Amino acid sequence: MSISNTTACTNDSTSHFDIIHVCLYSFIFIVGLTLNVIALVFFFCQIKSRSPTVVYMTNLTMADFLLILTLPVRICYHLGLKGIPPVLCDCLGLILKANMYGSILFLACICFDRCIAVSFPMSSRIQRARQKSRLVCLAVWILSFGPSLPIYILKRENVSLNVTKNCFDNPPVYATQPAVVFSTLLLGFGLPLAIMLICSWILVHTVQKSPVAQTNLVDSRKIRRMIATSLLIFLISFSPYHATLVVLSLHRDAITSRTCNGMQPMLAAYRYSLVVACLNTVLNPIAYYFTTDTFRKNVVIGTVQKMFPLYNLSSGQR
C-alpha cells in the first residue's frame, strides 16, 4: 500500500473542535514553557556536579523545550490559519514524534540509572558505567530522530500537494504500515515500559529488603516518589497515543478511503492523544520538583535570583 494513499481521510471537525485544541495547546505552551525554562536555568546554573540522573533530566527538559517551541504554529493552525508550508507541517510533526520517543527513552534511562545506583551502591564498575550517561543521551537523540527520518522522506516523495493542505489534521502516515506500527509499539513503547516495570520492582524490593537501602546512602522515600511519578507520567502521557495508533492500524483500509467509513471519531481521538503526549512537557518538571531534593529546596529562591538579579540585590539590602 502506497504512502500517498494513507492521507485520503482528513478532518471534518467543527470550529468548536479547533477551539478546544487552541485552549489545550495554549495551556501546555504557557505552563510548559514557564516550568521548563525554570528547570533549564536550574540544571545549568544551580548544580555544580551533575549526577548521571541529572544529565538525563537535563536532556529530557531540552527535548520538552524543543517540542514546546513548535506549539505556536499548531495554535495558529487551529485558530484557522491556512497556507502553512507543507514542509513546515512535516518538520513539526517530526519534532513531535522525536520528542515523544525521546521522552520515553529518557524516562526509561532515569529509571534504569536509579535501579543500578541503588542495587549496586558500592560497585566501582557500575559507578564508572553510570558516568557514560552523556554518551547514552547522544544515542537516545539519534534513536529518537533517526527512525523518523525515512518516514518523513518517503512522505515528502509520495504525498501529493492537495493532501498536505490539511497539515496537522492528516492521519499519521505510518498508521497503515503494519511493520512500522509493530516496531514502534515494541521498541518505542513496550520495551521501555518493560524496563521501567522491571526496574521499579527491583527498586521497591531493594528498598524494602536490602540493609544498604536503609542507610543514609539511599533515600527510600525519594526512590518511591521517583518510581510513582515516572510510571504515572509514562502511562498518562503515552498510553493513549499508542492505543489509538493500534486501532488506526487495525482499520487502515478505512483510513485510506475518502469517506473514512466512520473513522472520524477515531481520528479525533488520535489528535487528542497527541495533545496528551504534549502534556508530558508539563508533567516532567513537576516530577523534577517532587523527586529531586536540590530542585525542591532551591528552585524558588535560587532560580528566581538567577533570572532576576535585581531581586537578589534588593533582598540583600533589607
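Backbone N, Cα and C define each Cβ position, glycine as well.
What TrEMBL says about a protein is an automatic prediction, not a curated fact.
The transmembrane segment annotation in TrEMBL covers 19-44, 56-80, 135-154, 179-204, 225-250, 270-290. According to TrEMBL, the feature domain 'G-protein coupled receptors family 1 profile' maps to 35-288.
Ranked by number of Cβ pairs under 8 Å to the transmembrane segment (56-80), the listed stretches 19-44, 179-204, 225-250 are led by 19-44.
Taking every listed stretch (179-204, 225-250, 270-290) in turn, the largest tally of C-beta pairs under 8 A with the transmembrane segment (19-44) is reached by 270-290. Residues of the same chain lying 6 or more positions beyond the ends of the transmembrane segment (270-290) and with a Cβ under 8 Å from any Cβ of it are 11, 21, 24-25, 28, 31-32, 35-36, 38-39, 57, 60-61, 64-65, 67-68, 71, 96, 99-100, 103, 168-169, 171-172, 225-226, 229-230, 233, 236-238, 240-241, 243-245, 248, 296, 299.
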